[in-house]
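Step one of this worksheet: look at the structure below.
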Amino acid sequence: MDFLEIVGQVPLKGGVEISGAKNSALPILAATLLSRQEVKIKSLPQVADIKAMALLLQNLGAELEWLNPHTLQLSTKSLHHTEATYDLVRKMRASILVLGPLLARFKECLVSLPGGCAIGARPVDLHLKAMQQLGAEIKIEQGYIHAKAPKGLKGNDILFDKISVTGTENALMAASLAKGITRIINAAKEPEIAQLCAFLQSGGVEIEGVGSSELKIRGVESDALNLKDIQIIPDRIEAGTYLCVGAITNSQLKINRIIPNHIQAITDKLIEIGFSLDIQENSIEIYPAKKRQAFEITTKEYPGFPTDMQAQFMALATQCLGTSIIEETLFENRFMHASELQRLGANISLKTNVATISGSTELTGSDVMATDLRASSALVLAALVAKGVSRVHRIYHLDRGYERLEDKINALGAKVLRLKEK
């Protein structure tokens with residue numbers, strides 16, 4: 001198992017290029033199960049979750065060829081298998097995304113209940129209810145979801161009691177081959193969903209309301225789609241994380257290949273804290289702040305402040321003057337990084353879903369342990385400003401969502417080594 005050894009308080013400067021969005025690539029890879037023709041997907045990030053999804057598709061019978069490290073050509077026209085097994089699905093929760101497309105195209109499938117980050121309840125009930133609304137029969141048998149729709153899926157209204165990104169994506173993919181019109185009410189509005197809509201539209205699916213909380217889908221009257229090649233949008237969470245690298249070290253950094261509109265909640269908060277930003281069409285440059293002020297954040301669904309940036313801003317709060325407050329409204333048990341930041345010297349108190357951080361605090365290098373994907377990046381951020389050497393363990397969490405993180409940070413001047421545990 002690998003860990004990162006990080007020398008703190010090293011000056012940083014330069015630019016970093018953002019990879020393709022993992023959270024856009026995963027549903028788009030799953031959506032290829034709806035296609036009968038070869039599809040090329042560009043700008044895929046080389047991260048563990050993408051490799052796991054590619055392996056799952058291959059296991060289902062997809063033909064895959066990596067044309068370069070970030071471009072995958074795949075064909076699902078000769079799928080021979082509609083069972084997503086536990087040994088593959090357990091590696092990440094996003095595997096549930098194959099449920100909708102497999103059911104829509106083949107009228108029956110077996111999908112293992114998923115794994116992934118341990119950050120509270122992420123019930124699959126919303127997915128199952130959506131499939132049932134489209135006419136599927138669902139049974140849970142020995143840890144597997146057994147879904148059947150012998151006569152095919154039929155368009156219907158799907159009302160999500162709670163906004164769900166992957167739930168919306170699964171419903172979209174299933175509805176694309178359902179007979180008639182489906183309305184998804186209380187849909188998630190993330191940019192990754194907008195890109196999935198564009199991908200499905202390239203295959204002939206009519207979708208209205210893209211970017212809003214109500215989507216109207218007219219299914220294609222066919223047993224498969226003819227999807228076109230696509231390039232994955234830049235990863236807004238990776239972009240936000242590298243802006244936080246600049247912010248926590250108070251460095252001048254340029255973040256390239258991004259869509260600034262996708263991270264406005266993040267940039268607005270950085271400006272409020274005291275940073276100057278030069279926002280261009282596809283880049284943002286952050287400049288050192290004279291004084292970093294404490295702040296308040298409440299995580300919300302897009303376009304609100306993203307829960308996936310909460311941990312990074314908690315690390316940043318340790319270097320801001322005053323008392324910062326972070327309220328997590330989307331997931332329970334998502335403050336596991338707080339105790340690890342405390343090991344570095346952070347002054348954090350927790351009360352249910354609210355964290356109070358007192359700053360500015362001098363952090364000191366220590367051994368810390370990553371507990372989930374975004375928590376791991378927060379520990380790296382804190383280690384960059386801690387006095388002395390820190391070691392971040394269990395970085396397999398980090399590898400799930402960040403491409404070559406140590407290489408990108410080292411290119412800015414940092415001293416980060418990837419080493420093997422003894």
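Quick reminder: no glycine exception, Cβ is built from N, Cα and C everywhere.
What Swiss-Prot says about this protein:
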type	residues	note
BINDING	Lys22, Asn23	phosphoenolpyruvate binding site
BINDING	Arg93, Arg122, Pro123, Val124, Asp125, Leu126, Asp308, Leu330	UDP-N-acetyl-alpha-D-glucosamine binding site
ACT_SITE	Cys117	active site, proton donor
MOD_RES	Cys117	2-(S-cysteinyl)pyruvic acid O-phosphothioketal
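Projection of Swiss-Prot feature records onto the structure.
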residue: Lys22; record: phosphoenolpyruvate binding site; Cβ neighbours (10 Å): 26
residue: Asn23; record: phosphoenolpyruvate binding site; Cβ neighbours (10 Å): 23
residue: Arg93; record: UDP-N-acetyl-alpha-D-glucosamine binding site; Cβ neighbours (10 Å): 19
residue: Pro123; record: UDP-N-acetyl-alpha-D-glucosamine binding site; Cβ neighbours (10 Å): 11
residue: Val124; record: UDP-N-acetyl-alpha-D-glucosamine binding site; Cβ neighbours (10 Å): 19
residue: Asp125; record: UDP-N-acetyl-alpha-D-glucosamine binding site; Cβ neighbours (10 Å): 12
residue: Leu126; record: UDP-N-acetyl-alpha-D-glucosamine binding site; Cβ neighbours (10 Å): 19
residue: Asp308; record: UDP-N-acetyl-alpha-D-glucosamine binding site; Cβ neighbours (10 Å): 21
residue: Leu330; record: UDP-N-acetyl-alpha-D-glucosamine binding site; Cβ neighbours (10 Å): 19
Given the binding-site residues Arg93, Val124, Asp125, Leu126, which one's Cα is the least distant from that of Lys22 (phosphoenolpyruvate binding site)?
Arg93
Asn23 (phosphoenolpyruvate binding site) and Asp308 (UDP-N-acetyl-alpha-D-glucosamine binding site), distance between Cα atoms, whole Å:
11
Give the distance between the Cα atoms of Val124 (UDP-N-acetyl-alpha-D-glucosamine binding site) and Asn23 (phosphoenolpyruvate binding site), rounded to the nearest whole Å.
17
Measuring Cα to Cα, tell me the gap between Pro123 (UDP-N-acetyl-alpha-D-glucosamine binding site) and Asn23 (phosphoenolpyruvate binding site) in whole angstrom.
18
At the level of the C-alpha atoms, what whole-angstrom distance separates Leu126 (UDP-N-acetyl-alpha-D-glucosamine binding site) and Asn23 (phosphoenolpyruvate binding site)?
18
Please report the Cα separation of Arg93 (UDP-N-acetyl-alpha-D-glucosamine binding site) and Asn23 (phosphoenolpyruvate binding site) in Å, rounded to an integer.
12
